[in-house]
Amino acid sequence: MQPPAGIGLKLLLWILSHISISQAASPSSQKCDEALVTQLLHNAFTSSSVFASSYVPGYAKLNKRGGAGGWSPLDSDHYQWLQVDLGSRKQVTAVATQGRYSSSDWTTRYRLLYSDTGRNWKPYHQDGNIWAFAGNSNTESVVRHDLQNPVVARYLRIIPLDWSEEGRIGLRFEIYGCPYWADVINFDGQGVISYRFKMKKMKILKDVIALKFKTSESEGVILHGEGQQGDYITLELRRGRLLLQINLGSNQHGSILGHTSVTSGSLLDDHHWHSVVIERYRRNVNFTLDQHTQHFRTNGEFDHLDLDYELTFGGMPYSGKPVIGGRRNFKGCMESINYNGENITDLARRKKLDTSSFRNLTFSCVDTHTFPVFFNGTSFLQLPGRRDHNMVSVGFQFRSWNPSGLLLFSSLADGMLELALNDGKVTAHINVTQQKNMRVDIASGSGLNDGEWHDVRFLAKENFAMLTIDGDEASAVRTNSPVLITTGSTYHFGGYFLRTRASPIQRSFQGCMQLIQVDDQLADLTAVEQGRIGAFENVSLDMCAIIDRCMPNHCEHGGRCSQTWDSFTCTCDGTGYTGATCHTSVYEQSCEAYKHLGRSSDAYWIDPDGSGPLGPFKVICNMTEDKVWTTVVNNLPAQTAVTGSSRERRTVLQLNYSASMEQVTAITNSAEHCEQHVSYACRMSRLLNTPDGTPYTWWVGRGNEKHFYWGGSAPGIQKCACGIERNCSDSKYYCNCDADQKQWRDDSGLLVYKDHLPVSQVAVGDTNRPGSEAKLTVGPLRCHGDRNYWNAASFNTPSSYLHFSTFQGETSADISFYFKTSAPYGVFLENLGNTDFIRLELKSPMVVSFSFDVGNGPVELNVHSPTPLNDDQWHRVSAERNTKEAILQLDQKYKEIRPAPTQGHTRLELYSQLYVGAAGGQRGFLGCIRSLKMNGVTLDLEERAKVTPGVKPGCSGHCTSFGMYCRNGGKCVEKYNGYSCDCTTTAYDGPFCSKDVGGFFEAGTLVKYNLVPEVLAAASSLDEKSIIHNLPVETNLTHEDLTFSFSTSTSPSLLVYVSSKTQDYMAVVLRHNGTLQLRYSLGGLREPFTIDIDQRNLANGQPHTVNISRVERDIEVQLDHYPAVTYSLPEASDTQFTLVKSLFLGKVFETGYIDPVLIEKYNTPGFVGCLSRVQFNSIAPLKAALRSRGSVSVSHQGKLVESNCGASPLTIPPMSAATDPWHLDAGADFPFNEERVIPDGVNRNSAIIGGIIAVVIFTILCTLVFLIRYMFRHKGTYHTNEAKGGESSESADAAIIGTEANFTETIDESKKEWFI
């Protein structure tokens, strides 16, 4: 996708277009609001009928009382109409109506038709529908409607739809507008107009082309121009659609392709006027057809359109190149042709242009001879035919969107004939009833419900039938089935409705027909309209009211639009979006959001702008204890060798990322911190050289800006990391590589100024000398934090609110946010228009309301919660409104859907500011709102709250909603922008305390954890925090909880041993046969009390989990997933574990009493295998041994290697479909064809790659930490008045890096200085 044109370019194009349009055809007065009907004579008015001579249509003038005070027809039904001839074409801007004076006759609803010729009427359209205007409710009040889209016409016709229940149809009216004039040229399909340039070659930077056309042909070239260098521009009709092709240039090698093709509109062969404006400035183009504008950028890299000699209108030039030729010329009319300020039609009229190719050039529009008929699904047209004839011959053209419908029905003398549309094919069915096997069924064509005109010819006679579609005789379907034909006297087109019994299943058609032939004679439909032949019911004659509901396409994000006559449907498969119009993303906005759904590190699809224009893309999410890292990889291999480059001819390495630059920018904009590691390994290859000269190598970041600093440095400082820390290999230079040494050197570090990231190019310029080499590495972009997800504001008073610019969501709008409150009601947000509005509010403690008005009257959706919403917990609200439906959803569980009306207004027109937190000071919201997104854009609540009284940035109390995610005893800790899980007192690690911590034990390895107070005697030098962390457990125990997992293939061995200063102990051992035994010795018994936990061999190399809990005499033991078993100590046994001393894992090495049986049978050689999740009461001894290096409480002997032992991971259970806002059905389709994405957004196939990347990143981070600690080991003595970053830096440059505030503004590296 090309980036959209800038605001300045759009403004320029807008100005150019309005200049061109005003020059092409402008009304005589600036205010186009003249009364056009009042001065007309009576003969300008006609009607379908009149009630009496005093009710003639000439009296139907607004506010006049002549005659009977207005027009009334003879019958009040839907076949009546009132027509006016304005005398010439006028621009019509408004219509007003009244009832008949001093009567009970008026019209409550009507349609407006218009035409240039009084034939081929076109209904007025608004908001994608044939518009029905609201009329009057009495006789005297005037109801005026300003047309949303003014029309140009000579004839206007009003069709009453509903009228007074107290009387009949009555009407007085006025039409408002102004004179209209334009030069018209009739194109006969042969001639073209040649506009020759003053110069032989034109190099054009900007173009404005405007014209209007009308035609009944579906193919034809409207304009064309080309140049010898391969540039061209062509505007043509193809299958009734407008196709613009433009090429600003391609190179000879084909690496730059400039061809750009854009299609607009449909049904343009309706012989009605259509306006076209093409505005181009460089590669930015506005393509407007009938007020619908498409913005796009041309392909390639060139800005000028190079044309030679001429631009032709109406077809291809006779000297057109073969590769471009082969197209039909335009046949129809054009007016107001304007090219870059030149009035082409006026020049042609004054014979200033070459029109020699025309046989007869005329400056008036030749009318079409077609007479279309419109069928609405409840209508039919009956035509007479020759009776008792032995041949059926019928033909017609039709167009429809429906895949099925009855086209023709005729009762034969002995049977019936049907022509029907079935699944987009035309089928013919003949059934002769009196003779067996006298039946014909044939079908032809496919996809004929595409809205285009299709020609049908059917011929049937004795033993022969033929069906031909679109004149294709080669593909005509024939049959020689035995059949005898004897025709009836009538043919029903478009439907057949029996009055005496129930209608058969398929009896109607929705669409248009024209050029109807019966018995090889063209039907006289004018005579039908006048009632002289045939009959009809609910048919609109001389009009085709077909509408393309997929143009403009309301299906967003590449959704595929399909339609029937009444509605359209969007297919969103493979787009990554869902909903009636493919508006809502199925993916989370960031890795941060995935984390708070309980997801672990993996590769995920994210969609940072939700319903915005950016598509979803894949990133790697690394969930650490305190941060969530988002990684976007690039395609540059590590240690890429670069040779043969010089300052005059640099080697440019282009980096492509797994996301577009716009998508990556969305990540960096919302992130709190971003970084990218770069490394330049060199041998006799200089990097930056000196600060005063142009560097040999530079890199290009966001915005295609060059940057002359390297990793570890900062903007504005032409140095590397070693130059900042003054430890380069040669002190005369600021980079190791600039010393130009023969040994391999390296300059590497992190780029952390996120407004410059990511690196998109690196230009290397010093590898062309003998012995010169360089190897470049650019790591992935890594960011953490999501400022949008936690962007929040607290509303502290009922009158407090935030205001933002007007919400732009005319035809498609979505709003989502989280809220929490203890108040019973409050308005979340509101935006108003003149009459339109949109509002979301907490209506009561258990009801959220979404209300709006787009002009059809207020609509309100209410969602009820079974529990109070003012519980000070986070709740999520999402609302969406589009042309198909409105949706309100609460907490992803409770939803209301309201279909949009099939007729009516669809545009939401708002003018006021958007208010968040109140509605005009009424029913203000008290509480917190966060992550407010509107049409994919997150509103910066925090920034606005900083300067707004009564509103504070941020929210607290996240743990009340998210604390459940902290598992295994982890504690939820509040943060300003979220929460974290404290796993200190658990045996687990990870962001949710769900990651196993374990270790691999070799023979002889043991872990000892001291439990007695005496161990603190050596801790006098520790700080208070360390002492508290090492406080012992209670020394006399009546309750123990022991949990651990293990895996081993050897036995016997000792797993866990808890000693005491007495002879009390507790032990868990594996016996010789691999079974598990628990041993308790608490005094009172001669022998320890033993429990054989299971009879299976557990030394099988598989992970096993043991959970032991004792309270007084009761001991509960659970192994793996089996049910817990309860045991009891003998009555003679003591219940107090006296003076506990130490806990051992793997082996016992203790002074004092130790059970000799344990030493003899289980202690040698010790446990060999893995232990994990070891927790004894509130102590995690194994985790302490692995994490708390240097702790006085824990020690180990032998080699202990960290491992999770393959234990079954204890993860957060997935959320239910009802509560998971991103839950997808298992059969859902996902976007992009390069690989399959599973429904939860995770690509499990990337687990191995992700793991490798995680290990590499971890190694790099460890190395960086070591280097940073080494570089900053000395405390400098250089003092400044700047922030505290300078106090710990060796140099002024290092002070800049250490001062975080200096990184907040972009610096022009060539013109700004750093003041230290």
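Any Cβ shown, glycine's included, is placed from N, Cα and C.
No curator has checked TrEMBL annotations; they are predicted automatically.
Looking up Cys955 in TrEMBL gives a disulphide bond to a cysteine among Cys783, Cys928, Cys983, Cys993, identified as Cys928.
Look at Cys955 (disulfide bond): DSSP puts it in coil. Shown in sequence order, Ala792, Ala793, Ser794, Lys820, Cys928, Arg930 are the residues of the chain, 6+ apart in sequence, with a C-beta less than 8 angstroms from the C-beta of Cys955 (disulfide bond). Most Cβ pairs under 8 A with the domain 'Laminin G' (370-544) among the ranges 32-178, 582-632, 791-955, 956-994 are made by 32-178.
When the stretches 32-178, 184-365, 791-955, 956-994 are ranked by Cβ pairs under 8 Å to the domain 'EGF-like' (546-583), first place goes to 791-955. Under DSSP, residues within the domain 'EGF-like' (546-583) fall into helix, strand and coil as 0 helix, 10 strand, 28 coil. Here the domain 'F5/8 type C' (32-178) is broken down by DSSP into helix, strand and coil counts: 9 helix, 71 strand, 67 coil. Classification of Cys928 (disulfide bond) by DSSP places it within a strand.
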